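Visitor: One structure follows; several queries about it will come next.
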Amino acid sequence: MAAPKVAVVGAGVIGLSTALCISETCPSCSVTVLSDQFSPNTTSDVAAGMLIPHTYPGTPIHVQKQWFKETFTYLFAISHSAEASEAGIHLVSGWQVFKNTPKEELPFWSDVVLGFRTMSKAELQKFPQHQFGQAFMTLKCDCPPYLLWLEKRLKATGVQMYTRRVADLWELHSEYNVVVNCAGIGAHQLVGDKELFPVRGQVLKVHAPWVKNFIRDGDGLTYIYPGIHRVTLGGTREVESWSLSPDPGTTKDIFDRCCSLEPSLRRAQDIKVKVGLRPSRWCVRLQRDVLSQGGVKLPVVHNYGHGAGGFSVHRGTAKEAARLVGECIAALQVSSSRAKL
């Protein structure tokens, strides 16, 4: 068969990474990214981009760890390359603090991040409201630069990108051999996934260059994540809220919570408010599927539903999605050669 045509629907971190992995593992493919929104208008642009995994109850822990490890390894290599600044990737040290000692003192990802250890009593004096903590170094992606860097990489490998609203995956069947669904929260409507729901996140991006260390409250709700140019303060987890309008009361609440962890933030300036809808479900949907109408079949690979943890596992899930695309193409080639016989 001619060079297989693959469409990736969605241009957030999951869509762009998946398109890149497909172009790397299947150079004979023609890959196109279709999305109604590109950076800076995607949910990924709002994300803090910290590599601290979120746990998916419906996905085996060893699988989640593999996704995280592959992502960490990939970004760590970029972080000590000449492209680190352009890609917006840097190492950052800090603390995860708990008001009560957690049941699991060693999270599954503790040996993937760097220098993971329990905080000393002296360190905990910085956080009088907390009685237990963990110190480690991890990676942070400044999201808009990273998305633009991915787009640049895609263009260099010949991937096409078009602004297009896809209302139904089936509409692509006459143009593409395989379709990859990385639509994020858009999959709720696109494929009618009732298990997918929004978790609204509101964050503040502030100018506070003196803040060098990340601080994360153990429940993950309050956090301070320093980036290359701005510090991200968060956050909220509003289940089933579809509102993209910033809420002034929430802004004050986030700011006050973060200042209680790091009082110097009271002097922060140029506060910008961002809102995104995390595409959440019991587990990431990462699987092959087939759509068929009137005897015509369209192979589909789904890769969405990463919720709050997309950046932490994006490269790992993209590699797996690319592998599934390879399986779809191999199956198409077998049926194509059979048809010739």
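Note: Cβ is positioned from N, Cα and C throughout, glycine not excepted.
No curator has checked TrEMBL annotations; they are predicted automatically.
Below, the features straight out of TrEMBL:
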SIGNAL    1-19  signal peptide
DOMAIN    5-324  domain 'FAD dependent oxidoreductase'
BINDING   Thr43, Ser44, Val166  FAD binding site
BINDING   Tyr223, Arg278  D-dopa binding site
Visitor: Taking only the Cα atoms, work out how far Arg278 (D-dopa binding site) lies from Val166 (FAD binding site), in Å, as a whole number.
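Guide: Cα to Cα, Arg278 (D-dopa binding site) and Val166 (FAD binding site) are separated by 20 Å.
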Visitor: Taking the Cβ of Ser44 (FAD binding site) as the reference point, list residues of the same chain whose Cβ is under 8 angstroms away and which are at least six residues distant in sequence.
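Guide: Those within reach of Ser44 (FAD binding site), by Cβ under 8 Å and sequence separation of 6 or more, are Gly12, Val13, Ile14, Cys143, Leu147, Gly276, Gly310, Phe311.
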Visitor: How many Å separate the Cα atoms of Tyr223 (D-dopa binding site) and Thr43 (FAD binding site)?
Guide: 18
Visitor: Take the Cβ of Val166 (FAD binding site) and count every other Cβ within 10 Å, whichever protein chain it belongs to.
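Guide: Within a 10 Å radius of the Cβ of Val166 (FAD binding site) lie 19 other Cβ atoms.
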